[in-house]
Amino acid sequence: MAPKPSDFPSEDSDYQSGFGNHFSSEAIAGALPKAQNSPLVCPLGLYAEQISGTSFTAPRKLNHRSWLYRIKPSVTHEPFKPRFPKHGKLVSEFSQVNSSINPTQIRWKPVDIPDEPTDFVDGLYSVCGAGSSFLRHGFAIHMYTANKSMENCAFCNADGDFLIVPQEGRLWITTECGKLQVSPGEVVILPQGFRFAIDLPDGPSRGYVAEVFGTHFQLPDLGPIGANGLASPRDFLVPTASFEQESRPGYTIIQKFGGELFTAIQDFSPFNVVAWHGNYVPYKYDLSKFCPYNTVLVDHGDPSINTVLTAPTDKPGVALLDFVIFPPRWLVAEHTFRPPYYHRNCMSEFMGLIHGGYEAKADGFLPGGASLHSCMTPHGPDTKTYEATIARGNDVGPHKIKDTMAFMFESCLMPRICPWALESPSVDHDYYQCWIGLKSHFNDTNGNSVTKP
């Protein structure tokens, strides 16, 4: 059954709000059991089913689980079988067999949306990553291009959490907890194990996906910033319960398991949850609500000040993956080189652009494109940006960066790159040229002889 616009919430008030809260929602009043999670007979004859995002004995502040009350339990399906034809471009265990290392700065132009009918699952492909979903430690960065909605099927990622960044085209996402409408400029997190289906109301769609293995995203600590700022918990939105009860013969569950796709057939929709409660839920966030902090006197701040979400490691202050944005904001620093500084980083940085331009690249970095600067690989403003910044001098005054939204996935792990990403026709083989024009401005004021190249 094709979804209608009225099926998907369009206002913030149509959602529940908060980050890490214990939520509850009923599509029919009285569907939630009272005073217990699994009574002998649930209200309305529903089945109780728990979904656990952490081990049972994880510390309470880190424990994630929800109870779903559904018309039929999700176990009611035929055995899983390998999906045919094989997808072939999804990786969850990065090794010398399926990926390679390359310290060169890499940039990709936007990938064309295919002409043949392609849904989110078939249009999803891995770009790079590190670690292993089997060992529950690592990450993968994917991109997707699609032009059709998923039909009579749902996707389930058993490997990790998805953070989806649409760049073109809205996503109507149906989940077991309810429906989400996600537009470019918003992001959505679909936790490990949840079943979901993606419809494309605008037709062609393109975007980025970060996947983390063995951990979940959380808000960064604010430290001396204080109690407020960056991404506010109240601005994260969670769906409300809605359900489908019609018979759906031949409905297919597509499960990503160890980077491979498997399918199982059932005769009902997995979105048959009438009520639910818990803190393990899909959620979305509007990036325009981010409250940035910036330098007000001298120097360019580190990009970590723009962290929206972080997936931590066991080492304090070191992220498996940070999601960082570069939103519209004022630049006011005095006698300061205002664009991002030249840098060699122990972390690896994958960048994307949702719309507009990026302040460190005068041209060549396009919406829908991407770049990868791996561990200790030099990077920074291109020649045009540097020369234009120097030419403006110290008296430039306050300046607002407008009409832009760039982002970065940053990880402590060194990424391996998939062969189809390295061999893609969208690779910008002239990327290095943007720095070749940087010339020496060295001027020895002590009168020593200076030889300029």
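Heads up, the Cβ atoms here are built off N, Cα and C, so glycines get one too.
Please treat TrEMBL annotations as automatic predictions, because they have not gone through curation.
Look at TrEMBL and you will find His300 tagged as active site, proton acceptor. For His343, Glu349, His379, the entry in TrEMBL reads Fe cation binding site. Among the features that TrEMBL reports, homogentisate binding site is placed at Tyr358, His379. Taken from TrEMBL, the feature domain 'Homogentisate 1,2-dioxygenase N-terminal' covers 15-287. What TrEMBL lists as domain 'Homogentisate 1,2-dioxygenase C-terminal' is 288-442.
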Which of His300, His379, all recorded positions, has a Cβ with the fewest other Cβ atoms inside 10 Å: His300
Mean of pLDDT values spanning the domain 'Homogentisate 1,2-dioxygenase N-terminal' (15-287): 97
Listed in sequence order, residues with CB under 8 A of Glu349 (Fe cation binding site) and six or more positions away: Leu372, His373, Ser374, His379, Met408, Phe409, Glu410
Neighbour tally for Tyr358 (homogentisate binding site), based on other Cβ positions within 10 Å of its Cβ: 26
His343 (Fe cation binding site) versus His300 (active site, proton acceptor) - Cα distance in angstrom: 12
Which same-chain residues, if any, lie at least 6 apart from His343 (Fe cation binding site) yet have Cβ under 8 Å of it: Pro378, His379, Gly380
